[in-house]
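S.K.: Following this message is one structure expressed as structure tokens.
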Amino acid sequence: MDIGVFIPIGNNGWLISKSSPQYMPTFELNKAVVQKAEEHGLDFALSMIKLKGFGGDTEFWDHCLESFTLMAGLAAVTERIKLYASTPILALPPAIVARMAATVDSIAPGRFGVNIVTGWAPGEYAQMGMWPGDEHFSNRYDRAGEYVTVLKELWSEGVSDFKGEFYEMTDCVLSPRPANGHIDIVAAGQSSLGMRFAAEHADYNFVLGSGVNTPLELSDTTAALMREARATGRDVGVMSLFMVIADETDEAARAKWRDYHDNADLAALAYMAGETAADSTDDESATARTISLPEGAVNFNMGTLVGSFETVARMLDEIAEVSGTKGIMLVFDDFLEGIENFGKRIQPLMRSRPTPAVQKPSRR
């Protein structure tokens, strides 16, 4: 089973709290995170894309790096770990992204993939005059399907004459192409339409865990994705997403989590709730609906593993046993400390992960 890290491309990571670690996103921070992840044998790192933050006292995500340029830089200073950049399909044309991805693949051959972001927050795109209207909520996966079709044609054939509702190519060319004519596509569809898109187009789909110390709550969502994949005859790997709050004892970890939760940045949460409310689709499992539920909005309602190093290792092993699981992507409250503790204190206790020797790669 693969383990990856959702790197802190935005300020303060994934905790919308006034008492959690406060930091700015920088290349040096993310380089340290990814190099440490590589040294401890983690398999991949993914960066999101966010174009407008939530404000509040913490200025949450008001400060974000750009995904492709960050990952290109990280590709040049890593040797083994797989890297995924995120493309906002409303802002970046597919032919440009195909060329950008082929370029990063030339820096890190076979180690690069693209995460498809359909866009759920109107404010991110309206500020640039790029929001297509609220009909996007109902047709975004149709648009995304055309987008990925263009990407794959250019990577595999070097030319596309695709004609669709949203994109039209006319002898559109790409050279050089990726070395093996393929770059992995990942998605994070949680709704029925999102899962169908992943089943038809993606190599992997990220599934949000839910609740605190309920590692198997994602089983139904995972099963739904596997049903969609079987219907298409494609092999789509499930990658689950969890936050880890770990310490020497269960009590110490729970105290940290309570402190983060009790000091949530309410103004930033209110802004997020307003943005997610714009999604008029009826699917209660849609990402925009799920992340802003009040009980766990302080960390986007992602599944949270809180406990001692031993407790967290046990719960990660439980997740690994869920049918269809190919990997787990982790988020930490403190990324540098969290990855170090994962590599030295948690991973050696996991049955589902052979403990790799700590690798000290030669840095370029």
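Backbone N, Cα and C atoms are what each Cβ position is placed from, and that goes for glycine too.
TrEMBL annotations: computationally assigned, not manually curated.
So TrEMBL has the following annotated:
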type: BINDING; residues: Ile49, Lys50, Asn115, Glu124, Arg140, Tyr141, Ser191; note: FMN binding site
type: DOMAIN; residues: 1-322; note: domain 'Luciferase-like'
S.K.: Just to confirm: which same-chain residues, 6+ apart in sequence, have a Cβ under 8 Å from the Cβ of Asn115 (FMN binding site)?
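M.R.: The answer is Leu46, Met48, Tyr84, Ala85, Ser86, Thr87, Ile185, Val186, Ala187, Ala188.
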S.K.: Per-residue pLDDT averaged over the domain 'Luciferase-like' (1-322) comes to what?
M.R.: 94
S.K.: Consider each pair of residues in Ile49, Lys50, Asn115, Glu124, Arg140, Tyr141, Ser191, all listed by the record as binding FMN, and report the largest Cα separation in Å as a whole number.
M.R.: 21
S.K.: Look up Asn115 (FMN binding site) in the DSSP assignment and report helix, strand or coil.
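M.R.: DSSP assigns Asn115 (FMN binding site) to strand.
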S.K.: Give me the long-range Cβ neighbours of Lys50 (FMN binding site): same chain, 6+ apart, Cβ under 8 Å, in sequence order.
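M.R.: Lys50 (FMN binding site) has long-range Cβ partners Ile9, Gly10, Trp61, Cys64, Glu124.
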